[in-house]
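Asks: I'd like to ask some things about the structure below.
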Amino acid sequence: MTTSSIRRQMKNIVNNYSEAEIKVREATSNDPWGPSSSLMTEIADLTYNVVAFSEIMSMVWKRLNDHGKNWRHVYKALTLLDYLIKTGSERVAQQCRENIFAIQTLKDFQYIDRDGKDQGINVREKSKQLVALLKDEERLKVERVQALKTKERMAQVATGVGSNQITFGRGSSQPNLSTSYSEQEYGKAGGSPASYHGSTSPRVSSELEQARPQTSGEEELQLQLALAMSREVAEQSSESVQTARGSKEERLRRGDDLRLQMALEESRRDTVKVPKKKEAKACCKPGSHSQQTTLLDLMDALPSSGPVTQKTEPWSAGASANQTNPWGGTVAPSNITDPWPSFGTKPAASVDPWGVPTTASTQSVPKNSDPWAASQQPASNAGKTTDAWGAAKPSSASGSFELFSNFNGTVKDDFSEFDNLRTSKKPAESGASVPPQDSRTTSPDLFESQSLTSASSKPSSARKTPESFLGPNAALVNLDSLVTKPAPPAQSLNPFLAPGAAAPAPVNPFQVNQPQPLTLNQLRGSPVLGSSASFGSGPGVETVAPMTSVAPHSSVGASGSSLTPLGPTAMNMVGSVGIPPSAAQSTGTTNPFLL
């Protein structure tokens with residue numbers, strides 16, 4: 001510690017200077033080096049405090065008023081004031097403008113040392129620069145912004161240097177001081193250039209100066225800390241690299257395992273599919289005896305279930321062995337009635353009632369397999385066909401099958417459940433409710449119920465008829481007229497009809513307004529149409545009263561005709577007038593209510 005610094009500290013204690021004043025006195029001391037940047041930064045930060053600002057400015061103005069041998073006080077005060085204007089509070093520049101005359105007077109500062117050197121030139125030049133800056137507001141703003149940015153940047157650098165504990169060389173008891181004074185200036189002032197190290201960036205130099213260790217022990221400590229920190233950083237980086245590499249290798253290994261597993265699964269599926277395709281191709285060859293469909297191939301892949309029991313479902317496709325196909329074709333009996341066979345079984349024979357049997361059968365197929373024709377009784381039982389909708393015929397053999405018969409209760413009727421739902425009456429009662437008619441006559445009305453076979457005449461043929469199956473709706477459909485061939489017309493006993501003409505059907509008295517169309521035989525057998533025309537236009541012809549009367553309640557004759565023959569008087573009138581037989585027939589069936 002020099003003598004000047006000891007004397008300065010003694011004055012600070014005696015005069016009871018504040019902290020801000022002590023710092024200003026330290027920055028503007030008479031020592032042969034310039035103020036440090038860190039000290040000027042602390043003073044600039046104190047300018048934002050009102051109390052410290054007044055103390056700082058009072059001490060600065062006091063230092064500017066020195067003269068003579070204390071020219072360093074003046075020069076350092078101008079340097080500190082320039083720094084405070086650029087980085088301190090704005091009130092510093094305002095107060096400097098107010099007291100600008102004090103700065104302008106320093107342009108005439110004179111001091112010549114004992115060696116004859118003019119030391120006042122530095123003060124004069126500095127005062128001129130400061131006055132020019134205070135007068136130019138735009139320049140002051142630009143300089144202030146730039147200085148603030150530099151201050152912030154240097155503060156960040158100083159923080160980084162302090163945290164990293166970077167050493168910049170061996171320390172010594174003599175601090176490396178930086179100053180803004182050039183060697184030429186100090187040469188003129190008689191200073192030793194070796195004692196002053198000029199620097200273009202005094203702030204960086206001051207930061208480095210503070211970071212340098214002062215003793216050898218501190219230097220060793222900083223070196224050990226730096227080595228430990230560098231080793232820790234290297235280990236962390238190596239661990240992070242190894243961790244990243246290991247995670248990457250793990251991901252690659254997992255991806256390879258997953259792809260390998262997928263490839264194995266795909267190959268296993270291919271090996272399962274290839275034999276199936278080969279079997280399907282072999283089955284589809286022309287010379288193959290066992291042709292299977294793709295659906296059966298898929299069903300073969302399923303595990304085998306137990307033996308399939310026969311179904312009693314009335315609507316199932318398979319039928320029992322004692323049943324015959326009602327549509328004419330004979331089907332070979334089969335134990336398997338499930339349309340979806342189990343695994344490992346051969347496909348059953350086709351039970352399609354509309355197709356031709358594919359399997360070879362020892363039973364001969366009858367030539368006449370028309371399901372709508374009248375049933376015939378062949379010699380052999382194998383070729384029997386049964387008309388499901390035809391008229392009932394006595395069955396002498398047990399091989400015939402009647403769809404609606406009950407077989408005296410031995411076999412359960414397929415439609416008995418539906419018949420029980422429709423009516424609670426017995427089949428005999430429902431059959432008795434239908435009005436009986438002679439089986440030889442044809443029903444004139446399509447909405448009349450069909451005649452039923454008498455139970456007394458055929459006691460052994462107790463069966464279900466379509467009428468009993470349909471119940472009360474039997475009158476809506478004439479099944480015999482739709483399925484069986486019409487019965488041949490009975491011989492007409494009407495003497496007025498032409499030979500070979502068909503017997504006219506009874507006319508409904510409520511439909512007399514509709515003309516009766518002539519048949520083809522009537523058109524062929526009728527005489528010239530002129531007689532009928534003359535009948536309508538001849539003079540003196542009176543309206544012929546009906547010679548017959550409709551008797552709806554009369555018993556029907558054996559011939560099936562419901563018309564009463566004309567008497568002799570009517571025959572004479574017809575002969576005298578010349579009415580043709582067809583006209584006489586239509587006249588004889590006139591409605592008596594329309595006279």
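Even glycines carry a Cβ here, placed using N, Cα and C.
Remember, predicted model here, so these are calculated numbers, not experimental data.
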Asks: Among S173, S364, S456, which is the one flagged in Swiss-Prot as phosphoserine?
Replies: S173
Asks: Considering the residues R7, R170, R245, R422, which is the one that Swiss-Prot annotates as omega-N-methylarginine?
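Replies: That would be R170, per the omega-N-methylarginine annotation in Swiss-Prot.
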Asks: With Swiss-Prot as the source, which of 106-128, 267-289 is set down as region 'Disordered'?
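Replies: That would be 267-289, per the region 'Disordered' entry in Swiss-Prot.
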Asks: Where does Swiss-Prot put phosphoserine, among S192, S201?
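Replies: Among S192, S201, the one Swiss-Prot marks as phosphoserine is S192.
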Asks: For the region '3 X 3 AA repeats of N-P-F' (494-593), what is the mean per-residue pLDDT, to the nearest integer?
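Replies: Summing pLDDT over the region '3 X 3 AA repeats of N-P-F' (494-593) and dividing by its length gives 53.
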